[in-house]
């Protein structure tokens, strides 16, 4: 990639239909883990006009009112009126869960003891990434995209813009010079709205109240292209506008396209599923590498075979920004991080009901107390082992 270029990422709000599905799936996972932390959960959700379907595989001793959890989640998001196309009180909720296949369970059922050789729940490859573009060590385009839809939700909830509705999407294009963010080129924000708001008033309010307060002043250079509801009317949205499915926003959930993705979604999956836990571990590793000052960008790939504890591969790429070689960093990763599935669960304390909060506005780059994978507690040890000075972002 050239050093001067434009890069774009997008995000969606908690009221986007796919995110409604993700949040229901993770709310169900949390409710199960609260009662039985060794449960096996793969909770999938479909939501359409007036309909929610819960399906997947769940093996647990927990006694859960799945229908009520789905309704409560829809209510929290803000779909509390039949005019919105789905209403938590009146929507139909269908439940069709099976138990986990015994053929899969045999490789992961040693989770109750202290043996760290629990096998991976599936084969696959996962990536983690960090860079020094923001204090959170995230790529700037996805970081700003998340903050825009977060602010849309905040102004909707507190009534400052009462005509806002739950569904929204954002997109940010950043100009890079010498490989670093230089300026904001384009901001797109589409928001669902009440039918009586005029488009010019909507556009002015969105630009002045949502977009401008979110953008860093040092990146505003020249005229930014603001595209607000570029098709015009956006009254029909949420699950009425599009069918929502768990796991369809995997790039929004991670790095906005700035890093590869192994293809496995996160929401609704207990941490024995390496699609989720190993991706969290990858972020933890990459963030500590950058926080340690070993590199300004770090990409981690880890892969697994079903029923096998040790990763089949671990790869580190610092894109030429490393202060020591990638081979040295890879060796340090293997020494300082236990990337076996049970080791990850223990290292990041993942058998907790912490997942609903991850299901909107990104799983990474948020300083939430439950997000153990955002800690930089390994950075000092990595820096000392590599013989470099850590950055100021060690926490």
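From the backbone N, Cα and C atoms, a Cβ is placed for every residue, glycine too.
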**Request:** For the ATP site, Swiss-Prot lists 167, 168, 169, 233, 234, 242, 248, 249, 265, 269; sort out which one of 16, 363 goes with them.
**Result:** 16
**Asked** According to Swiss-Prot, which listed range is region 'Flexible loop': 89-99, 100-110, 111-121, 122-132?
**Response** 100-110
**Asked** Can you tell me the three-state DSSP label for residue 249 (ATP binding site)?
**Response** coil
**Prompt:** Given residue 249 (ATP binding site) and residue 57 (L-methionine binding site), what distance in Å do their CA atoms have, once rounded to a whole number?
**Reply:** 21
**Request:** Give me the Cα-Cα distance between residue 273 (L-methionine binding site) and residue 44 (K(+) binding site), rounded to a whole Å.
**Result:** 14
**Asked** By CA distance, which of the binding-site residues (44, 57, 242) lies nearest to residue 18 (Mg(2+) binding site)?
**Response** 242
**Prompt:** Counting only residues 6+ apart in the same chain, whose Cβ is under 8 Å from the Cβ of residue 242 (ATP binding site)?
**Reply:** 17, 18
**Item:** Distant-in-sequence Cβ neighbours of residue 233 (ATP binding site), under 8 Å, six or more positions away
**Value:** 199
